[in-house]
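Visitor: The structure under discussion is supplied below as C-alpha cells; questions concerning it will follow.
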Amino acid sequence: MKSLLLIFLGGGTGSVLRYLLTISIYRQGTTNFPWGTFAVNILGCILIGVFYTLTSRIHINNDIRLMLTIGLCGGFTTFSTFSNESLQLLKSGLYPSFFTYIIGSVVLGILGVMLGIWMSE
C-alpha cells in the first residue's frame, strides 16, 4: 500500500511538472514542432537513467525507486501525447517535422537514458 501511495504522489508531481515545463516552452513562441512534449520526454529519459542508477548504487528503498521512476518519470513523460502529436504532424503533411520528431524522440530518448546512467555512475 505504501508503494502505491508513493507512486501516486510521484505521478501527480510528474504530471504537474510536465504541464509547467510544456507551458513554459510554448510561451516562447509558436511552431509546427511539438517542442514541449519533445523536451519533456527527453528530459524524462535522462532522469529515469539517473534515478535507476543512483537508487541502485546507494541502495535506496525500493518504494522510493518506484516513486521516482514509475511515479515521477511516468507522470512526467507521455507516450500517448507523443503519438497523437506525431499523427497530427503526419495528417497535416508536415513530413520533415513528423520524421524529425519520431526519430529524434527515439534516438535522443535512448541517448538520454545512457547520459543519465553515465552522469550517475
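Every residue gets a Cβ built from N, Cα and C, even glycine.
Got these off Swiss-Prot a minute ago, pasting:
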type	residues	note
BINDING	Gly74, Thr77	Na(+) binding site
TRANSMEM	5-25	transmembrane segment
TRANSMEM	33-53	transmembrane segment
TRANSMEM	66-83	transmembrane segment
TRANSMEM	98-118	transmembrane segment
Visitor: Do any residues at least six apart in sequence from Gly74 (Na(+) binding site), in the same chain, have a Cβ closer than 8 Å to its Cβ, and if so which, in order?
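Guide: Once residues fewer than 6 apart are set aside, Gly74 (Na(+) binding site) is near Ile7, Gly10, Gly11, Gly14.
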Visitor: Hey, which bits of the same chain come close to the transmembrane segment (98-118), Cβ under 8 Å, at least six residues off its ends?
Guide: 33-34, 38, 41-53, 82, 85-86, 89-90
Visitor: What residues, ordered by sequence, lie under 8 A Cβ-to-Cβ from Thr77 (Na(+) binding site) and sit at least six positions away in the same chain?
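Guide: Expected: Gly14, Arg18, Val40, Asn41, Gly44, Cys45.
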